[in-house]
Structures are given as C-alpha cells and as structure tokens.
Amino acid sequence: MRPLFVRRARQLVTLAGSSAAPLVGEQMSNLSIIENGSVWIENGTITAVGPDDELVRRFADRLAEAEVIDARGKTVTPGLVDPHTHLVYAGSREHEWTMRLGGATYMEIMNAGGGIHATTKATREASEETLYEESKRRLDQFLLHGVTTVEAKSGYGLSLEHEIKQLNVAKRLDDTHPVDVVSTFLGAHAVPPEWKHDREEYIRLIIEEMIPEVSRQGLAEFNDVFCERGVFTPDEARRILEAGKAHGLTPKIHADEIEPYGGAELAAEVGAISADHLLRASDEGLRRMAERGVIGVLLPGTAFFLLTNAAHARRLLDAGVPVALATDCNPGSSPTVSLPLVMSLACLHMRMTPAEALAAATINAAHAIGRAHVIGSLELGKKADLVVFNVPNYVQIMYYYGVNHAETVIKDGKVVVAGGKVRV
Ligand code: NIG
Ligand code: FE
C-alpha cells in the first residue's frame, strides 16, 4: 500500500492528548488545532502529524511514492464516532410521525402497539439478507457524513433467535463495510407482546438465555437497558446489567429520557461506561456519574424529533460529566444518520460550543464505546480514520447546518469517500 499524505489543511483538528481519559469541563474546548497541518499515513495507521513543512522535511525522500490529498483551505478532523445507534432494523414509521405531529405522544403510540413494537414486528419478519441490505444503505449514508465508527444496538428482535439475527447482521456489516460497527445487546428495549402478561419470564429469558448466548458467541461488547417508566424499572435494569457484567458485557443505559427515574444513579452504581439521553437526570445522579467517570451520551436529534426540550448539556459539563454526542439513529425517535447535524443541534438546543460538540463526537464518543486507544483523535499509532470537510474552519461544519460538508473520508488509511461519493 502506498503511503497517503493528507497535506496542508487550513485547520487540522487533532484532539491529541486525550486517549487516556475522556475530556471533562474546560478540557473539552481544547481541540489541539494545527494550521497548515498534514498527516502521513502508512498501512492504515497514522505515522506522523504536524505542520506541513515539518512533515515535508521528514519524508523528503519518500514524497514521490505517496498518494497526496490536497486539503488546502479545508478542515481535517478525526473520523466521527457515533456511540449510540439502532442501525439494524427493517421498515419505516413515518405514519407515527404524522400522529405525533397531530398531538399523540411517543409513549402513547408505543403502548398502543406501535413504536418499538412496530419495528420489532418488521424486523422479525425480515430475512437476514433484507436486514443486511437495508442497514448497509444506512451505513453508507453514515460514511458519507464523515462517520467512520458506529455503535449498533439490537433490541428489535426481542427473542433469542431474532436478537441473534440482528447482531449477526451488525457483525457482517463490521466485517464487510468500511465503517467499524461495535455491537451492544439491547434485549431489554421493550417487553414484547407475547410476554406482556408475564414480564418476569421475559426478564428471565434475557438473563438466563439471551445474555449467556450472546456472550458465548461473542456478538456484543455492551449490554443496554431502556430504563423508563412503563418499560424497565431501575430494579429490573440493575438485574439485567449485573447479569451482563457476569458474562463480560459492559453496561450502558437509556436513562431518564422522559422522566427522572434514577437511571443516572443506576449507571454510576453499576459502573456503566455511559448513560444516554439524560434529559431529566437529577443533580445527584449527574454528581454520581461524574464521580464514577460515566460518560453522558446526549442525543439532541431525538429531543428535536420528539418535539421536546433537549438535555441541558451545561448541567452535565458543569457537574464534571464527560459528554459525548450521538445520532440515536432509529426508525421512530431519530431517523437520521447525520452526526454533523446532531452537532449543530447540540450547539443550538443544548448550549454546547462548537469545540465541545466536536470533542463530543470524536474522542469522547470513542471513550463511550471503549475505543479511545485506537480512534477519536489524530495521533501517532492510531487508526488513520480522517475526514476532509470542505469548509475553512471546524465551526462551519456546524454553522452551515443541515448541509453535508464531508468531501473525502479516509478509513484505515484508504480513501473510501471521494468528492462526496462512496468509493468501495
Ligand atoms: O433510543 N428510547 C428507546 N429507544 C430508542 C427509540 C426506538 C424506537 O422508537 O424505535 C431511542 O430513542
Ligand atoms: Fe436509543
């Protein structure tokens, strides 16, 4: 493989120096930007990062053999990392959106058999091949927006057979698609209709059958629970997350989205790597999260799409909770793949600064899925995952909102998007 030399970015945003622990508070404003910066890449790995003249001197005798990407006037960042998605699903739910726009609530629709239940039905009925094809199209779209790693949850199978089918699709995508896919088991996304009258039996199935089998087959790294009134209680969530821990699955949690429910507290208690949503998290819950270093994954696209107020990021930042951002890409509450749009919303609706939003969608997002040692910043030895945005500074990625500025995407040292088109 020829070396790849990304040269002379107007802003090379490296986020260097934050691989050991997630950024908190004021640290989130320090992006370590190099002007007229360049990156030398060999065999999929970053071998040098610095001002262009320095790298030119250092690699003078090898310049002729390198493939050069000219980033003059543009902004180069680490590949974006999306730490919370429901990538693998079948079907679509725009009819529910029309109902919500007319005044129905998300929970009302779900309790009437729509919502997660509707997608579960469609996902169960879909063949593995259809599920793969539909999810692959979404993954291409992620890549086109500059996202090079996504976390992907199950949770639309809700039986051993169909949860495994979903996780198998995620694994195949990870194996075949340039985007890296990191899997989370979310058997506790909802109690499926067949167990509605015996929820305890469904929880037993999760704990005694699904978790052991998912872990035995190595199909997930994380274990998540939708902890919300009417879905899973904090006590149920605790049992499920502890069971996962006993099988080597690290806890994550959908917490305090709709009402304060003790989710943030539980995340700290079980030592979750992240607690996600957090719109209604209590001050005490946030304090405990900060103490245990639990990352708060905020999902402003979901609040926007559900017509609710977003989480107030400053509350988390002031409490010392490390913040990451994610799309929550799913067919009901956030049908988007645009992490850059989510970054704009984080600034507009959550009061984050553009610098914080970028740190939250790169290095802190990498921490939220246990990958900060390999991705999330542009540093010696890390995977060469980079995005060239066709804007002169990183703020414009978010300022000119709703527009895809990603022009070139490099994954593992290979140009996989060029001129805004997937090239595989
Ligand atoms: O993260 N909150 C629970 N689950 C998803 C929504 C899933 C769906 O509506 O299909 C979420 O928002
Ligand atoms: Fe979610």
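Glycine too: its Cβ is placed from the backbone N, Cα and C atoms.
Feature annotations, courtesy of TrEMBL:
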BINDING   His84, His86, His254, Asp328  Fe(3+) binding site
BINDING   His84, His86, His254, Asp328  Zn(2+) binding site
BINDING   Arg93, Tyr156, His189, Glu257, Ser333  4-imidazolone-5-propanoate binding site
BINDING   Tyr156, Asn330, Gly332  N-formimidoyl-L-glutamate binding site
DOMAIN    75-416  domain 'Amidohydrolase-related'
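Distribution of TrEMBL features across the structure.
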residue	record	Cβ contacts under 8 Å, 6 or more apart
His84	Fe(3+) binding site	Glu151, Lys153, Ser274, Asp276, Val297, Leu299, Ala326, Thr327, Asp328, Ala368
His86	Fe(3+) binding site	Ala152, Lys153, Gly155, Tyr156, Leu186, Asp328, Cys329, Asn330, Pro331
Arg93	4-imidazolone-5-propanoate binding site	Gly114, Gly115, Ala118, Thr119, Pro331, Gly332, Pro335
His189	4-imidazolone-5-propanoate binding site	Ile116, Lys153, Ser154, Gly155, Tyr156, Leu158, Asp224, Phe226
His254	Fe(3+) binding site	Asp224, Val225, Phe226, Cys227, Glu228, Gly263, Asp276, His277
Glu257	4-imidazolone-5-propanoate binding site	Glu228, His277, Leu278, Leu279, Arg280, Thr302
Ser333	4-imidazolone-5-propanoate binding site	Tyr106, Thr302, Phe305, Leu306
Candidates near ligand 1 among the binding-site residues His84, Arg93, Gly332, judged by a Cβ under 6 angstroms: Gly332
Near-site residues: Zn(2+), ref His84, His86, His254, Asp328, CB cutoff 8 A to centroid: Thr85, Lys153, Asp276, His277, Leu299, Thr302, Ala326, Cys329, Asn330, Ser334
Where the C-beta lies under 6 angstroms from ligand 2, the matching binding-site residues among Glu257, Asp328, Gly332: Asp328
Across the domain 'Amidohydrolase-related' (75-416), average pLDDT on the 0 to 100 scale: 98
Cα-Cα distance maximum in Å, computed over every pair in Arg93, Tyr156, His189, Glu257, Ser333 that the record assigns to 4-imidazolone-5-propanoate: 20
Surrounding CB atoms that lie within 10 Å of the CB of Asn330 (N-formimidoyl-L-glutamate binding site), all protein chains: 25
Pairwise Cα distance maximum in Å, N-formimidoyl-L-glutamate-binding residues per record: Tyr156, Asn330, Gly332: 12
Structural state of Ser333 (4-imidazolone-5-propanoate binding site), classified by DSSP into three states: coil
Which of Tyr156, Asp328, Gly332, the listed binding-site residues, has fewest other Cβ atoms within 10 Å: Gly332
